[in-house]
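For reference, TrEMBL has these:
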type	residues	note
SIGNAL	1-22	signal peptide
DOMAIN	30-68	domain 'EGF-like'
BINDING	ARG118	substrate binding site
ACT_SITE	HIS205	active site, proton acceptor
ACT_SITE	TYR383	active site, for cyclooxygenase activity
BINDING	HIS386	heme b binding site
Amino acid sequence: MRASALGPVCALLLLLLEPLHCGDEVTSSTVNPCCYFPCQHGGVCVRYAEDKYECDCTRTGYYGQNCTIPEFWTRVRGLLKPSPGVVHYILTHFRWLWDIINCSFLREVLMRLVLTVRSNLIPYPPTYNSKYGYLSWESYYNLSYYTRILPPVPEDCPTLLGVKGQAGLPDPELLVEKLLKRRTFRPDPQGSNLMFAFFAQHFTHQFFKTFNHMGVGFTKALAHGVDAGHIYGDNLERQLKLRMHKDGKLKYQLINGEMHLPTVEQAPVRMSYPPGVPPQNQVAIGQEVFGLLPGLGLYATLWLREHNRVCDVLKAEHPTWDDDQLFQTTRLIIIGETIRIVIEEYVQHLSGYLLQLKFDPTLLFNSQFQYGNRIALEFSQLYHWHPLMPDSFLIDGDELSYAQFLFNASVVSHYGVEKLVEAFSKQTAGQIGGGHNINSVVTNVAVRAIKESRQLRVQPFNEYRKRFNLEPYTSFQQFTDNEEIAAALEEFYGDIDTLEFYPALMLEKTRPAAIFGESMVEMGAPFSLKGLLGNPICSPEYWKPSTFGGKVGFDIVNSATLKKLVCQNTRTCPYISFRKQDARLPEFFSSPSHSLLNKPVSEDTNMDIL
Ligand code: HEM
Ligand SMILES: *[C@@H]1O[C@H](CO)[C@@H](O)[C@H](O)[C@H]1NC(C)=O
Ligand SMILES: *[C@@H]1O[C@H](CO)[C@@H](O)[C@H](O)[C@H]1NC(C)=O
Ligand SMILES: *[C@@H]1O[C@H](CO)[C@@H](O)[C@H](O)[C@H]1NC(C)=O
Ligand SMILES: *[C@@H]1O[C@H](CO)[C@@H](O)[C@H](O)[C@H]1NC(C)=O
């Protein structure tokens with residue numbers, strides 16, 4: 001132990017007994033032994049005496065003082081298990097093989113494997129939170145906290161990251177300025193476009209709603225998952241103000257004969273706008289911050305139209321149903337549609353997998369899978385994908401600056417849904433990983449994310465690598481092949497074991513021609529899939545036609561696509577995609593499951609009821 005690791009006791013001793021040398025034993029005995037993160041493979045560190053700890057290795061598959069010795073079957077499994085890199089390589093290469101697998105029972109077998117392997121990494125019931133680094137009823141029961149996959153670094157550790165990083169951590173502003181701020185726009189090599197970027201932001205902000213008024217580490221989204229609270233509000237009072245109370249529908253206004261979001265005058269809910277914006281210029285949406293970006297307003301408009309369209313379909317099926325039953329059942333359909341689009345198009349695109357992903361809850365009915373979900377702080381940190389944002393927004397021949405785009409509710413009604421969908425589908429988004437790609441308008445969000453993670457004592461990146469079955473990095477050169485970034489990190493952090501979670505995810509070397517690196521996928525996918533399949537509608541009790549108003553409603557859920565979401569709710573069917581057309585794998589959207597949607601949508605959609 002180094003002398004600079006002096007605990008308060010030792011410091012006091014030094015003061016009182018100046019001539020006495022403050023020896024190693026004294027110093028080490030004051031450090032909480034769990035600060036060394038001694039327990040491996042998910043073992044739980046429990047402190048007994050000042051300098052005594054035990055690792056609880058129960059059901060980790062390992063034993064020994066630090067849960068490092070594998071049991072026999074663990075050893076066998078370890079020998080057979082391919083590394084994440086190999087699995088990813090197979091899933092993204094050998095097109096001929098996947099063409100065969102997609103059309104056979106193997107598609108289901110592999111999809112089940114993807115779902116179980118990924119979700120098994122996420123504990124449910126949830127474990128820790130930002131206050132409790134040990135299991136507690138409060139942590140389980142108080143939904144206002146985000147949960148934590150790894151407990152926070154104990155308060156009494158010598159440093160913010162345990163015992164390493166004695167020299168202190170780099171200044172967040174400097175870190176972002178030097179390594180994350182954009183120099184010139186670098187497009188995503190996977191071809192993600194703004195339609196994808198705004199979907200990401202819109203979808204995730206139903207469950208990432210940090211509640212800073214309560215303190216750091218709290219959330220306002222108490223449903224902890226895909227509840228469509230970004231459409232309906234995160235509480236009943238707000239929902240009731242957004243509803244028409246007739247036929248299950250949501251309030252809307254007609255502009256040029258088309259359905260648009262109501263204003264705050266029409267649906268009096270609180271929205272976050274800069275001071276001085278009058279209520280008639282504010283749009284009313286379930287998620288209070290969605291007035292910020294027309295891209296979010298666009299998706300809010302699409303889901304508003306879809307909700308009201310589905311209400312009509314259900315009412316035709318069930319003329320006796322009252323407003324509330326139509327509303328509630330439509331909401332479940334909207335949740336189902338969302339999950340399908342997210343898995344089969346959004347995650348499909350993001351993963352780059354050639355395995356055709358499938359949303360089918362019955363795949364899990366014979367495995368032990370816990371329904372339920374709790375959003376983790378690490379998931380929220382990881383999803384700060386601000387590099388996606390371009391330098392300006394190109395719409396129908398105009399170039400809008402951030403100043404013109406942000407908080408400008410008129411953009412959606414001015415251009416209309418069709419033109420915006422087309423524009424966002426054609427404009428490429430930025431690459432998330434690899435550094436140097438956050439537009440300066442939003443660099444401050446990254447700074448705040450880093451500050452938040454320190455306040456909440458998030459463990460070092462390498463501890464998360466181990467938690468998600470990845471080898472910890474041994475050097476900055478291994479971590480990134482960008483020599484400038486490696487050198488800067490070396491200077492900022494000194495020791496790879498002190499590299500922080502969020503900066504690491506943004507700076508890790510990207511996979512070849514990919515949007516980000518290995519860790520973002522290996523850590524993000526488990527949270528994502530657990531959240532999607534852990535939804536109550538995916539459980540055996542719910543997943544049946546009657547839940548969704550019968551066959552007609554169930555069919556809507558089972559055939560939902562992004563394209564239908566747009567084209568059943570617009571007069572003309574614009575070009576729509578999550579991926580820029582000339583990017584890698586252009587044939588993706590003409591795969592069989594999508595091609596049937598290329599037919600023009602008939603006139604008898606909801607638009608003619610307007
Ligand atoms: C120009 C576009 C964007 C702007 C102006 C913007 C701005 C912001 C701001 C001001 C915050 C709050 C920061 C804080 O209080 O600490 C935030 C949080 C966040 N942003 Fe963005 N953002 C944009 C795009 C995106 C995109 C495309 C994503 C992709 C998923 C994203 C993901 C997030 C996440 C996950 C959070 C944390 C939310 C929470 O914990 O409540 N943002 N953003
Ligand atoms: C367990 O971890 C501690 C702290 O990292 C270390 O000092 C000790 O040698 C380890 N014990 C074994 C048996 O590996
Ligand atoms: C299999 O799925 C992938 C990804 O969706 C796709 O690129 C490929 O064309 C599909 N092949 C067949 C035969 O469906
Ligand atoms: C959750 O914990 C916070 C912080 O201790 C507290 O303010 C809040 O009242 C708790 N919520 C519930 C429902 O107990
Ligand atoms: C809002 O967007 C419109 C285009 O819809 C644009 O003409 C106008 O300049 C923007 N408003 C501001 C304040 O920038």
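Just so it is clear, glycine is given a Cβ too, placed from its N, Cα and C backbone atoms.
Taking the features listed in TrEMBL, we show where each one sits on the structure.
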| residue | record | DSSP class |
| --- | --- | --- |
| ARG118 | substrate binding site | helix |
| HIS205 | active site, proton acceptor | coil |
| TYR383 | active site, for cyclooxygenase activity | coil |
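Looking only at the recorded positions ARG118, TYR383, HIS386, the one with its C-alpha closest to HIS205 (active site, proton acceptor) is TYR383.
In this structure, TYR383, HIS386 are the recorded positions from ARG118, TYR383, HIS386 whose C-beta falls under 6 Å of some atom of ligand 1. For the residue listed as 'substrate binding site', applying a Cβ distance below 8 Å and a minimum sequence separation of six or more within one chain yields ALA525, PRO526, SER528, LEU529, LYS530. In the predicted structure, the domain 'EGF-like' (30-68) carries a mean pLDDT of 96. All protein chains shown were included, and the count of other CB atoms within 10 Å of the CB of the residue listed as 'active site, for cyclooxygenase activity' stands at 20. If you draw a 10 Å sphere around the CB of the residue listed as 'heme b binding site', it holds 22 other CB atoms from the protein chains shown.
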